[in-house]
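Residues or ranges marked as (6S)-NADPHX binding site by Swiss-Prot on the basis of similarity to another entry: 71-75, 150-157, Tyr162, Asp188. Positions annotated as K(+) binding site by Swiss-Prot, on the basis of similarity to another entry: Asn72, Asp146, Ser191. Annotated domain 'YjeF N-terminal' per Swiss-Prot: 18-257, in sequence order, evidence recorded as sequence analysis.
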Amino acid sequence: MQQAQQKPFIPTIPAYQALKLDEDLINKCNYSIEQLMEIAGTAVAQATTHYIESTSSVSKAGVLVVCGPGNNGGDGLVAARHLSSGSMSSATVRVWLPKEPSSSVNKRMLSIAKHAGVVFIKDTNEEALHAILEFINSCESFYLVDAIFGFSFHGGPIKPPYDTVINTLLQMQTSMAIGPKTRIVSVDVPSGWSVDAQEWGLNTDKELIPDGLLRPDALISLTVPKNCSLWLPPGTAHYLGGNFLTPLLAMEYDVQEIQHYWSGVSSLFVVLS
């Protein structure tokens, strides 16, 4: 895959602009939500594959895609479908679906994934958690794709069943048995993080992520990185997926530099760091 030459500056946007940009892509550029989700999810699958290939062997990898209730979860459903085929088909892929989707678009993406043969683990009960643990133990290397919350999450208490999900992921990451072989790949925003991370303080040590939050090994930003990506610790892999920006939108949001990253790129993602 071709990748853009490394650029020194990566623009970011706050949560309110991320929401408006999504609306503009639909209302001004006439994308459908299904088109955005399909392209974003495919980009997530490609970037995840690249990350796995750079850190392990695909044939030895197990991938668990954790899908939330909103568009981020829909992106995860698309990503899981693509990760289960093509160059990733030798890996073992599962989807953890803590709760059935309520939106019509996510229901359609779920139906497509089921017809494609994607294997699901549903609910957050003891049986589901046991199935997840068995899956992890069967994998030589384990990758968790965090597609739970996107830029609409503004921090604060997490409601059931996703509080159980986040606590489970935190336990995985810190477990003596599972942690060393676990890598977390977050989609757009690490779940549980405030999109703008304002409460962390702009002048604090950015390596000090508050306790009780996920520490992703890789982040796949979509369209334009969000402000919270500035708090990624050194060494975190950072990808950009979804080449949706038009020149006019790039100017309107003052993120023209993003378009330079896509110059000469044929894949649906680029490596930022």
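Note that Cβ sites are derived from N, Cα and C of the backbone, with glycine treated the same way.
In terms of Cα distance, the binding-site residues that sit within 10 Å of Ser191 (K(+) binding site) are Phe151, Gly155, chosen from Asn71, Phe151, Gly155. By the criterion of other Cβ atoms within 10 Å of the residue's own Cβ, the least surrounded of the binding-site residues Gly73, Gly155, Pro157 is Pro157. Annotation note: Asp146 (K(+) binding site) sits in a strand segment as assigned by DSSP. Take the binding-site residues Asn71, Asn72: by the count of other Cβ atoms within 10 Å of each Cβ, the lowest one is Asn71. DSSP assigns Asp188 ((6S)-NADPHX binding site) to coil in the three-state reduction, placing it in neither a helix nor a strand.
Neighbour counts were taken at the CB atom with a 10 A radius for the binding-site residues Phe151, Phe153; the maximum falls on Phe151.
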